[in-house]
Structures are given as C-alpha cells and as structure tokens.
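Database features (TrEMBL):
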REGION    20-40  region 'Disordered'
DOMAIN    48-129  domain 'Signal recognition particle SRP54 helical bundle'
DOMAIN    144-336  domain 'AAA+ ATPase'
DOMAIN    145-346  domain 'SRP54-type proteins GTP-binding'
Amino acid sequence: MCNKKKNFFSSLKSFFKKKNQNNTSENKKKTCLKDSSSNSSNYKISSFFNSYVHSTKNFFINKINSIFYAPKLDEQMLKELKNLLLSSDFGITATEKILHIFKKHIKRKNLINSKKAIIYFKNLLLNMLVVSKDKRCSISEAKMPFIILIIGVNGVGKTTVATKLAYYYKKLGYSTMVAAGDTYRSAAIDQLMDLGALHGIPVFSKPLGSDPASVVFDAIKESIKQKKNILIIDTAGRLHNKNHLIQELQKINRVINKCHPTAPHEIFLVLDSGIGQNSIEQARVFSSNLPVTGSIITKLDGTAKGGIIFSIAHELTIPICFVGTGDKITDFSSFDSTKFVDSFFNIS
C-alpha cells in the first residue's frame, strides 16, 4: 500500500492503543440509550417467533404429536420420526445423530410413556443448539468502532441484512454506519443508499467498480472520523467465481485487521433457509477460508423447513446469531435457541 495508507495504519494502531488505555466512562456515555422508550416497546426481539412459528409450528407439532402419541415407541415410530426430520431439512448427519441418541435413551430408560419421550426429544434438540445458546453477539465498547463483516453468496439477502442489523443496533442506542462493499452491482449500492436514507442509517459508498478493499479502508477511516460505534460492511457474493470471491474477502479481512488490530470483531455468514442443505455446502466453503463467528438465517417466513438451523449449529458448530422473517426492517431479531425449540412443543 502507499505511504499514506501505511501512515494511516500506524495512526489507527496508536488510536486504538490509546483508546483502550482511557477510562471507558466516556464511551459508555456515548453509547447510552438515546431512545429508551423505543428500545423497550417499539422494537421487540420476540417478533421472530410471532412470524416464523405462525407458518411452521402447526406443520411440525402436528406431525410430532402423531408420531410420539402412537400406540408404541417402536421402529415404525423411529422411521416416521426420521422422515419428519429429513423432510424438515435437518440433514442426514444431524438426523442420524439425533435418532442414535434418542433410540439409545429409550432403550436404556425403557421408555413407554410418550410424554416423557417427547420431553427428552425436545431437550435433545435444544442440546443440538448449545453452540448458539452460548453466543451472545454483544458489542464491546473497548473495541469501537465495532466492525462487522457480512458475507454470503448473492441472493441470500446480505444487503438487506446489513441494513436490518444496523437498524437493530441503532434501536439499542448505538450509532451505526454501513459500508457498501459490493461494488460490482449498482443495485446493491442503490438499495443500501435507499434503505439507509429511509431509516436514518448513514451509508458509505464509492463509485461502481471501485476496489472493495479500498471502500472498506475508507469506510473505517470515515467511521472513526464520525465516531460511530458500529460499522457494518456489506460484501459481494458472486457464486460463479468462487475462488476470486474468497480471495477478495480474505483481502478485505486483512485490510480491516490492519486498520483495527482486533477486527473484524464479527464475521457473519448470511444463509437462505429456503435452499436447505445447500446452505451447509456454502457455509463449509466460507468457514474453511474465513474465521466465521456466526450466521444469520434469512427468509424463515417463506419455508417450513427450519431444520437447517440444527444442521448449521451441529455439523459446522457455527452459532445462529440472528434471523430474518420478512421484508420489514423490524422483521429481524436475535436468535434464542430455547424459545425456538419451546415454540414447537405443546407439552402440558
């Protein structure tokens, strides 16, 4: 890089070193809730369950009830359970693991009570999501600007997610900015600009065709200048050119790290729930080349196959951090594994 950029990297390192040594009381003052009333009432984290469960709960709970309340907990029952899990996109690996543990438990406990069996099955599913339960996706004041890199293939909703995530944190009292790192599609830049203007979220962009790493570099510089708490970076996702895409993302990752020694603080992989097990293959490609810290599952309002969540958490040990359930800016929330599993079991 040019001397100017090297000098800037040096000044950034000094900036963050000095910042970490300072008393954090001023940072806390800057990040206090500016609109506590809207935080507590207008933007509800539970909106995910109101939307998603409405379209999927009846399908799953009716099937699961008919299976568990059959006359016998036998091989036929296990076969039907396997078919339900596979048809719900749990995937072969996760399904076989669940059935193996469940079958072993039934035999060891000599279970014939369907209610006890379904309670154990519910807890078994919850344990599959333990990696998501431990992930809180909290913002560290000491690391501000907190930098979040959004990755994924085209069509999964990355650009929309970047805006929704910025809005989500804005409602929690943080000042946010979004960087238009997908410089290959004018539609992506235009969409970010429009959504940002609509919801009061500043968007940093450069002309179409600009070097994405350069956009990221300048966006970090601008976020520091404007004293933003959080910078969210949208990226390209050209599936037809996988190698070039990965190399570009790795370059962006290096640039971010040079600007901010502890960043990116989160790398969120966006996955479309509607494509089922293909999401697993996408996740493998990205997670094997980049230090993915969590996933964001989109379009859960349009599919009854929510089992993909269990596959991602179990097979790839990637936490589910957020979920998107519609087109509205508020159709987005943090993922709660306990509420997610509880919502599918009417156990009295």
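Quick reminder: no glycine exception, Cβ is built from N, Cα and C everywhere.
The shown structure was predicted, so the numbers you read here are calculated from the model rather than taken from an experiment.
Per-class residue totals from DSSP over the domain 'Signal recognition particle SRP54 helical bundle' (48-129), listed helix then strand then coil: 67 helix, 0 strand, 15 coil.
When pLDDT values are averaged over the domain 'AAA+ ATPase' (144-336), the model yields 93.
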